[in-house]
Amino acid sequence: MRPSTDTMEADTAATHRNFITKVDVPDHAHYTVAFFVSVIGTLGVTGNALVQFAFYSNKKLRNLPNYFIMNQAASDFLMAFTQSPFFFINCLNREWIFGELGCKLYAFLGALFGITSMINLLAISLDRYMVITRPLEAMKWNSKRRTTIAILLVWLYSLAWSLAPLVGWSSYIPEGLRTSCTWDYVTYTASNRSYTMMLCCFVFFIPLAIISYCYLFMFLAIRKTSRDVERLGIQVRKSTIIRQKSIRTEWKLAKIAFVVIVVYVLSWSPYACVTMISWSGHANILSPYSKTVPAVIAKASTIYNPFIYAIIHQKYRKTLADKVPCLRFLAPNKRKDCTSSSFSGSSYRDSVISRTSTAIRRQSTAASRHASASKTAAGASSYSSSDRVFGDVEMDPIDWRSGASFRRHSSRGSTRRDRLLKKQQMERTNKSAAHKQPSPSTKMSATHCKNKTVSSSVNMAAAPPQLVLIRKRSQSLTNGLSDAGKKTTVANGTPGNHKSKSADLHFRNLPALDQALNVPRIIVISPTSEDCLVKHESSFTDDGSVGTVVDEDSLEDNDVV
């Protein structure tokens with residue numbers, strides 16, 4: 001028993017010396033590695049924490065494909081959080097100071113999170129492959145429950161490979177500058193060689209081959225769909241176009257994953273090469289630097305994904321810019337001022353329309369009451385016939401750019417309207433001298449209808465107009481049109497079935513005037529019957545915009561156009 005005990009003690013002492021043995025390298029080599037490890041740890045922890053924060057704070061980002069991205073960020077975060085601090089402290093001490101148990105725990109966590117990242121990228125590739133090449137099957141299988149199960153399987157698969165060295169299949173030992181630990185790929189034994197080969201195949205090479213296969217066929221599927229659309233041209237079915245758009249959307253997510261995979265593979269490739277060199281029996285040609293540098297590069301794979309998302313993923317950038325004030329430079333909103341101005345202008349117009357509509361309803365109610373009172377006082381005989389006033393209106397387009405420019409245009413046109421109104425009043429006075437005065441009840445009804453016409457005209461002008469009244473082309477054309485089938489006499493004594501010559505002349509000349517002036521014209525009919533209804537018509541300009549009829553009297557009583 002004594003020799004065996006001595007042998008065990010000797011092995012324990014050798015193992016302890018193996019953990020505390022320093023490598024004969026300059027101190028600045030340790031400090032240089034410590035600097036890079038600290039940078040990697042800081043960026044890895046901060047960047048992946050921001051990725052998780054962005055995806056958890058924005059509901060639009062919490063979709064099924066992004067579950068794998070969040071899992072990737074969680075794995076990289078834990079990798080940086082558990083590896084960098086211990087690595088940094090050991091580099092400052094120039095040796096491993098946490099003992100054998102600490103070395104095994106450190107190596108176990110590093111293997112667990114590293115393998116999880118690689119297998120998770122494989123799961124992302126398979127998910128994109130199914131969605132793009134087999135969309136119907138993907139719709140049946142994609143669900144929150146199945147995605148959660150897939151992520152759980154990724155972790156279980158990684159856990160199995162990480163636990164193997166702890167149960168006797170290979171082992172965890174210090175590597176490189178003796179400031180970090182990993183599985184024993186240096187010792188040339190059957191156990192170590194078999195574990196190294198199986199690990200490299202089932203964790204690195206086979207997943208990489210499957211990823212390459214998935215992206216190759218994704219690319220071919222997208223190219224085939226694009227060629228089908230180009231070949232069919234306008235005869236392409238709507239379902240084909242929708243499918244092409246859906247595939248292109250999924251391809252954008254696949255491209256992000258592809259960039260992540262490429263960066264990850266490039267980070268771990270040097271470490272895989274060193275491992276295979278040792279497995280082939282040429283570990284003696286590897287220096288401590290050639291073992292440590294690939295390990296640092298592999299751990300740097302945790303910092304790339306946040307930068308990739310910040311560059312490519314637009315929603316991720318916008319979410320961080322909205323949630324984190326110091327990161328607003330990621331998504332500068334150049335159109336914010338324009339959008340605010342547009343909203344304020346629209347709100348202003350809506351408020352004007354609302355206020356004008358309320359005023360019109362009040363005036364309409366008052367006009368109806370006065371019309372009813374006039375009807376009772378004068379009798380129904382006074383309203384046996386309806387007098388209609390015909391007039392054409394010429395409208396000119398203006399530029400609706402700002403409220404200030406619009407008010408300036410209205411103020412310039414007010415002087416011109418005053419002159420036209422004075423001229424019309426003089427003509428009406430001359431005409432009224434040759435005809436009898438209408439009854440008081442008729443005057444009151446006409447006044448109420450005129451007020452209602454003015455209010456309705458203001459309502460039409462309150463909306464964003466493209467045409468504004470600048471002058472009125474004609475006067476009242478008739479005073480004596482009567483209802484069909486009735487032989488009545490109006491106030492001036494002319495027969496009820498007699499038509500005004502000026503009206504006939506006016507309607508004959510309307511097409512010629514439109515063609516000559518190339519100006520849209522419209523007739524405003526203002527009935528003076530007992531219902532006091534006003535019809536507003538709209539004219540369409542050549543470019544499809546709507547022109548609204550505006551009464552000149554309304555412009556005198558109201559400043560809002």
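Glycine is treated like the rest: Cβ placed from N, Cα and C.
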Candidate in Cys181, Cys200 joined to Cys103 through a disulfide, as Swiss-Prot lists it: Cys181
Given ranges 224-250, 332-358, 359-385, the stretch to which Swiss-Prot attaches the annotation region 'Disordered': 359-385
Listed as N-linked glycosylation site by Swiss-Prot, one of Asn192, Asn430: Asn192
Same membrane side per Swiss-Prot: Asn142 vs Leu330: yes
Residues of the parent chain within Cβ reach of the topological domain 'Extracellular' (277-291), under 8 Å, 6 or more residues beyond its termini: 23, 25, 29, 175-178, 185-186, 188, 193, 196-197, 200
Tally of residues which DSSP labels helix, strand or coil - the topological domain 'Extracellular' (170-201): 12 helix, 8 strand, 12 coil
The topological domain 'Extracellular' (90-104), counted residue by residue under DSSP: helix, strand, coil: 10 helix, 0 strand, 5 coil
For the topological domain 'Cytoplasmic' (126-148), the number of residues DSSP places in helix, strand and coil: 20 helix, 0 strand, 3 coil
For Cys181 (disulfide bond): intrachain residues, at least 6 apart, with Cβ closer than 8 Å: Trp96, Cys103, Lys104, Tyr106, Ala107, Gly110, Tyr172, Ile173, Pro174, Glu175
Within the topological domain 'Extracellular' (277-291), residues counted as helix, strand or coil by DSSP: 10 helix, 0 strand, 5 coil
Within the topological domain 'Cytoplasmic' (56-68), residues counted as helix, strand or coil by DSSP: 10 helix, 0 strand, 3 coil
